[in-house]
Amino acid sequence: MLQALQKLLGDPNERKIRKYLPVVKLINSLEIEIASLSDAELRAKTTEFRQRLDRGESLDDLLPEAFAVVREAAKRVLNLRHYDVQLIGGMVLHEGQIAEMKTGEGKTLVATLPAYLNGLTGKGVHIVTVNGYLARRDSEWMGQVHRFLGLTVGLVQEGMSTDEKRRSYHCDITYCTNSELGFDYLRDNMATDIKEVMQRPFNYCIIDEVDSILIDEARTPLIISGQMARPSEKYLKAAQVARELIRDEHYEVDEKARNVILTDEGFEAAERLLGVSDLFDPKDPWAHFVFNAVKAKELFIRDVHYIVRNQEVVIVDEFTGRVLPGRRWSDGLHQAVEAKEGVPIQNESQTLATITYQNLFLLYPKLSGMTGTARTEEAEFSKTYNLEVTVIPTNRPIRRKDAPDLVYKTENAKWKAVAEEIAHMHAQGRPVLVGTTSVEKSERLSAMLKEMGIPHNLLNAKPENVEREAEIIAQAGRKGAVTIATNMAGRGTDIILGGNAEYMARLKLRERLMPKLVQLDPDNPLGSASTTSRGGGQGFGPASPKPKKSWTVVSPNFYPCELSARTSQALDEVVAAAVAKYGLNRLPELVVEDLIAVASEKAPVQDPLILQLREVYNSIKAEYEKVTEAEHEEVVRLGGLHVIGTERHESRRIDNQLRGRAGRQGDPGSSRFFLSLEDNLLKIFGGERVAKLMDMFRVDEDMPIEHPLLSSSLENAQRKVEVYYFDLRKQVFEYDEVMNNQRRAIYSERRRILEGENLKPKILDYMRKTVEEIVRAHVNPELPPEEWEIDKLTAKMQEFVPLLKENLKADDLRDLSYQEILDHLIKQAELAYEAKEAFLDTFEPGLMRKAERFFLLQQVDTLWREHLQQMEALREAVGLRGYGQRDPLIEYKNEGYELFLEMMDNIRRNTVYNLFVFTPQLVQVPQVAQAVPAQAVAASPETGGVVEADFAED
């Protein structure tokens, strides 16, 4: 029915694409005219466009000509010309949509079109990538187009100074990572001086791999935290208790919700083992520790969710299979896993500032993104982010054949069939990529292939395999290659049929340069300081130390040919030149990695050594390409890359990403998934239906099962998971929306304080409100005056404003009305404030203004931190109210709002009180000191030294 309707009305995506075709035609018609311009005339177009914007033309008016200018600039600078489909992609991005573009279709080049057009406004364009390497590569490579046309291009990287970042954020186009962008946003909202603020107001953002950031990472909060000590012995005892407790007797595991529930017997057993009467005793709480210990035991599996390296628990990204050094699970969970593994337990942290990617990117007035797979998540992009998905046609037709799934009764039978399929393809000479879902499963298959004598490469989160990522990917498309990869989806690298000559040339440079340039570890003179490789696997931390470090590729016959005598000599000469310039074994490993990366990219450079390195790199690449291109043709004839999936992922999108590794840029290829009724997806989400199917199919284990009921069960299971996780993300979004509204309010107020020249009117308003509160607490106008608490009121006012101790008497207020008392006390407080200001002016003119800003920021930051903890506790508490027929979200909104109002009142009261009670302390300092946030600094006229006015309270 749906297909018939689509046929009648036409595919909505096709209709969308058709509306862009007249604009593509117009851009193409301008090509000859724009090509005739000189470089200077082409560059002058930028000034012309900006003037036209000033005169009232819109970006849409400029689009055809601006796109034609970018296309011409890319031809001249990069020797790349935008295809028509790439122009459509650029228009989709400019309109604030998501462009789905298949692997190898040139997403990076597409982004130059809307980035240039929107960069003309001068309000800033952010191009966001998933790692620092890609951000730098794109800023240097694609940035050439923008620089050629006269736009400024910035790059934000981890470890840059505040000034460097500010300069980059103030460029027309800024390349950065999603995490650095988010952390800088939070840092800006913790700044104590407007000079520390790095970012401008957000304008337009293009996200590369948008599904990875807005869907997969949506529930991951960015957190800036401070250390908070927590007793490690509690984690260790809780881990011992968890080991004693028995599943299904003492606790139940909800794998779908990734949670554990203790039974009554479980509570009794835990209390008995710990020697306590109540796990929830507020004076000695144990419940949180025990729950986390049981979660660590049942739900967090070594070599699946984390690995242990150098006595540390390191998280493995479930989507990409990469390790995430530096990331920690929150809420004591990481400590529970550390206790389980018997490694040192690190301190918990207190949240100082936090935001989710969902709310960070919703701060942009215009947002767009690119990815190879977004259609399956179209509903979520639309509902959560108000983003439309448009599928961009490929430049060449897709030739990949996707075979139907083969489903086996048992897991053993499935793995046996996978191994046989690999052997069959390997015998034909076709390269094979096998996707697995965990380190453990990849090693199981590897062991089977070893027994069968099939050579293969293993790519998973284990340090020894991480090191070889570039080497493995470089040859994954070669004839007869077999590659087993854990969660290949997020690896962000193309598999090129016949082998990747660029990677191979880079590895040859690395093999020769690293042993000569990298500094030696004094404790390990045979090896380097670190065993980390970044040659294609950014984002990995240091691996376990090895007795000797070698950068030589492991695979025999890795390089497609021996280098010619001329190129070998040029390589020897450039290595000698590098040693002459930098010294023998003097550079950190990452510096040498960067040197090789810059030499092998296309970005413009001035350094003679890098230019020499680049020349040698290009010679090596050219020699390798002669062989790899011939092999490419042979592999194409054999049928291209064959992709094998060994389990359905929870998301169809991730399955599609794995399939998409085959058939890039019009190459042939094929894919097939091998599944079993014992796979996690079917076990957890297929439920009883699958159990019945298992009884129904009384067939031999080695026979694949094909049945409409089974296919629908699979699809239903996957859809259930997608809906389940969408609901989870939606729930996170709804709860975080409450926090987001509060965050926006407090950050806006904070920015006004930071930017405000004169905060005195705000402080006087705070003071009047606080005096009114004090009066209302002690004087009720509806009661007779003899019942008013005048003595208590006087004492409270004297406590609040110490300067009134001498002048304010209770007897002065007894015969006054409520309004007269209020007016009199406000007047007295104002006079006291003026007196305090005059007193401070004797130390330094304008010192009161500095004090106002200091105390306001101090109170906002301190009370916001406490508020974050209260909101976290509230969120945990309201979860239980669902059992009482009350909506937890509404309860969270209402009580969260009350907590927020209370925090704002406390900011007001505390700031005014601190301003009245603080006393400057004079400290003679022999020379100009560094500014300290808690101090105001003024020159001493007598000595020319510095007087520090410390904002100390009495």
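Even glycines carry a Cβ here, placed using N, Cα and C.
Swiss-Prot lists Gln86, Gly104, Glu105, Gly106, Lys107, Thr108, Asp494 with the feature ATP binding site. DSSP assigns Gly106 (ATP binding site) to coil in the three-state reduction, outside any helix or strand.
Summarising the annotation, Swiss-Prot assigns region 'Disordered' to 520-549.
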Most Cβ neighbours inside 10 Å, all chains, among the binding-site residues Glu105, Asp494: Glu105
Structural state of Asp494 (ATP binding site), classified by DSSP into three states: coil
Candidate with sparsest Cβ neighbourhood (10 Å radius) among Gln86, Thr108, the listed binding-site residues: Thr108
